[in-house]
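What TrEMBL says about this protein:
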TRANSMEM  30-52  transmembrane segment
DOMAIN    43-259  domain 'G-protein coupled receptors family 1 profile'
TRANSMEM  64-84  transmembrane segment
TRANSMEM  104-126  transmembrane segment
TRANSMEM  146-169  transmembrane segment
TRANSMEM  189-213  transmembrane segment
Amino acid sequence: CYARRNQNLDISEVPDECSPLYGVLEFFHLYYIPTIILIGLVGNLLSCVVFLNTHLKMRSSSYYLAALAAADFGFLATLLLVWFNSNIGVEVFNKDGWCQGLVYISSVCSFLSVWLIVAFTVERFIAVQYPLHRPHMCTVARAKAIVGCLVVIALLSHLYSFVTAGLVTLNDGTQVCDMLEDYRETMRIINIVDSLVTLIIPLILIIIMNTMITRNLLKFSRRFKHNPDSMTVVDGMSMERSDINLNQIHICILTELLL
């Protein structure tokens, strides 16, 4: 997905009956979007600080969440530069080099955001489905290695952006960052593959794992409700009854579904 992202809405060019709607769209474009972007930038930056500089850094899941916050920060930063380009006149996005670089960064960050969520969901799945294996499977070192592998894959798999993106001259003589005409057929194929890799496959994996997580939590909830004072034996190891109440279990289920 390339430009036309840097073109403003021109209310003077639309029919009168559509002007109110375009006025609302213009308001959202000028004020709402940058506000959301700035809030997201601050929130993701604070998330990185919290996950990596507090006691949470001892948990493997914190590294997935910190990397996710960093990826989202990078994507929002590219969106902010595009917004500057179209509304403040800071011509960055429509400059050769910057065009390819921003498209590359946004693509890499989008890929990482999706697959970091998948990696985090896998860890939650292991914790619920195989709790006895969690201590040696979900380690900080392994989380760092997985994040590193995803970063390398993302950086290498989107290098084509430097070739397929560039400045395109419009009919009025202005140059905008867009897909180069020579690579439209190639990009059509790449977009299909990209949709599978960053949308269809991750969505299926997340739905399957969250369904299994929810099923196991509900099973534990029913077992705990019917026999709250019992001892549970798993793989020959006795586990004392936890202090978790049913309300906390329901919160866990909701959290897993949202994630």
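Using the three backbone atoms N, Cα and C, a Cβ is placed for every residue, glycine included.
The largest share of C-beta pairs under 8 angstroms with the transmembrane segment (189-213) comes from 104-126, of the ranges 30-52, 64-84, 104-126, 146-169.
Cβ atoms under 8 Å from those of the transmembrane segment (146-169) belong to residues 2, 63-64, 67, 94-96, 99-101, 103-104, 107-108, 111-112, 115-116, 119, 175-181, 183, 186-187, 190 of the same chain, restricted to positions at least 6 beyond its ends. Residues 62-63, 65-66, 69-70, 72-73, 76-77, 79-80, 83, 87 of the same chain sit 6 or more residues outside the transmembrane segment (30-52) yet have a Cβ under 8 Å from a Cβ within it.
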